[in-house]
Amino acid sequence: MKKKPGFAHAYLDRILPLQTTHSPEFLGLRRGTPGFWNDSNYGKGVIIGVLDSGISPNHPSFGDKGMPPPPSRWKGACEFNASDCNNKLIGAKDFVRGASAPRRVTPQGSYDYDGHGTHTASTAAGMFVDNANINGLANGTASGAAPLAHLAIYKVCANSESCWESDILAGMDAAVDDGVDVLSISLAGSSAPFYNDGIAIGAMGAIQKGIFVSCAAGNKGPDAGTLANEAPWILTVGASTMDRLLRTTVTLGSGVELDGESAYQPSTFRSSQLPLVYPVASGTSAAYCSNGSLDGIDVRGKIVLCDEGDGVDRVSKGETVRSAGGLGMILANLREEGVTTFADAHVLPASHVRYSDGQTIKRYINSVSTPTASITFQGTLMKTKPAPALAFFSSRGPSQADRNILKPDIVGPGANILAAWPFEVGPSDTATRFNMMSGTSMATPHLSGIAALLKSSHPDWSPAAIRSAIMTTAELKANDGNPITDETGTKAEFFGIGAGHVDASRANNPGLIYDINHDDYIAYLCGLSYTDMQVSVVARRSVKCSDIGSIAGKDLNYPSFMVFLNASNGYTVEVTRTVTNVGAPNSTYDVDSTAVSDKVKVEVRPTRLSFTKANETLRYNVTFSSSRSNGGVNYLGYLRWVSSDGSVTVGSPITVSIK
């Protein structure tokens, strides 16, 4: 192939795995009231391209009542029957053509046989659907983040484990040619150099055309350095929890009560004390309640304590318990999962409890000869605290592709998200075509929808400007007034939450933005010491770095700071940023806080930025310094520019690593 005209680069094709009634309200998006939804016209006129496992076109979330026709720039096609597409679902194409095509078990076409694509599409731009729920819980009006945006579907996954990078890149290129405004990609593999990363390459082609790209950070948390989709021209999205719980309560025979979650809460289940068993003595697989592991163990009529993990999904554990005669299940988190629990549509009465509560239950079982427990159901609880919190599974930085860029960028709702589903869920008498899922896959379309709202409200903003608005207005505190926590219950680091939790309404009026043009990204790639050919592959045109120069990662005009202090730079680093005024024409901003640590000195010059007109740009420098090495410790801080009237705060997270 290298001998063929036009050959540039070849890299191994990789498989990338796939990674709401209340979440819009949790994000401050409220129907029929003044606010961001109203100001952005609910995303009307914006096209979101979703690359996933297809879509179920006849779901009510994709009805088009009140939807205008697609914009005249739309050049895509609908491969469904003509009656399946409408003014909401304006396009659908099947790209399962690469290595997975010979082995696909589903018919050709863009229909969703997995569920993931339908769920993510409705989360981004589903229409309003009343009385959406799961087993009667979490009831409300479902909608996507941008309910009047158009949807274009690009099926790139034959199933949840068969999304080939070549198909994804083909789908991205087609979406760009078709005229989408936003690309939503809930797919994440492992870190790779940008010239070997199909999504990074496809995204570079998209932003050249002004198309915003939102991608999942991955579900490999809480381990450090597990991020995917790290390119600085991509919005990298982590997952957080919400202030809604489908509460269950476990009461031990000792009287201790422990709260958990479940999306199956049958009214016919008696909440009396039942024998409680933890089958760990019968082998490791029995402790995890894997398929067949409880055969020969007396669990009939009992509540079974099962450990999370071991590659067995949570609902399957309940199926194992039920098939062995168990009446209920308590699902206990592993240490690394901490306090993050899930509300699954279980097949029997169940309660998913946090790690510490699981340990309490195990100690109780070991302390008495005849342990017992009961499970009671509390229904749907709202306004719970603290929320948001970082979900344990959300992948963490630092970025392996380039440690000079602080990633992820943002977190959004990604735990226990209720959205559209192709198939009926739950018992026949309460079955519904909505399902609850968790993952950075669910967080990503929330941000895609918010990007669509910003695109509708500010059609002249670049993808970098939209990302900046999202990041600099993010929230760092939970609803209890304390800093956002992670799965351990302690303050989350920026390698987990990035700039913080998205605040959709504030993002519409960010005051200042950090913009980046396409050529700056090319110079940035040259600064990574890539060869001209490697840069050309990502840039998708011939590039000679000697002609255009380079930009170090620390100096890319990014809305966050990742700084390394060491002996080679004398423990002093200076960075430069340029901000553009998108607020009031005559406005002044002062530095409010640059606190990192008493081990790190941060000096900003100038300390005041005074603008006299709209879209004016001003530059400032920040010098980070330390007197000595601190053994590879990371110090966190935050730089804020605050408008003179106090109405606008422009924030940037800072991570300083000293070696």
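Cβ coordinates are placed from backbone N, Cα and C, and glycine is handled just like the others.
Record features (TrEMBL):
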DOMAIN    43-485  domain 'Peptidase S8/S53'
ACT_SITE  Asp52  active site, charge relay system
ACT_SITE  His116  active site, charge relay system
DOMAIN    274-361  domain 'PA'
ACT_SITE  Ser441  active site, charge relay system
DOMAIN    555-656  domain 'Subtilisin-like protease fibronectin type-III'
Exercise for review: Pick the one among the active-site residues Asp52, His116, Ser441 whose Cβ has the fewest other Cβ atoms within 10 Å in this structure.
Suggested key: His116
Practice item. Please work out the helix, strand and coil residue numbers for the domain 'Subtilisin-like protease fibronectin type-III' (555-656) from the DSSP assignment. Key: 4 helix, 61 strand, 37 coil
Point to revise | Distance, His116 (active site, charge relay system) to Ser441 (active site, charge relay system) (CA atoms, angstrom) | key: 8
Exercise for review: Between the Cα atoms of Asp52 (active site, charge relay system) and His116 (active site, charge relay system), find the distance and write it as a whole number of Å.
Suggested key: 7
Exercise for review: Across the whole of the domain 'Peptidase S8/S53' (43-485), what does the mean pLDDT come to? Round it, please.
Suggested key: 94
Point to revise | the domain 'PA' (274-361) - residue tally per DSSP class, helix then strand then coil | key: 28 helix, 18 strand, 42 coil
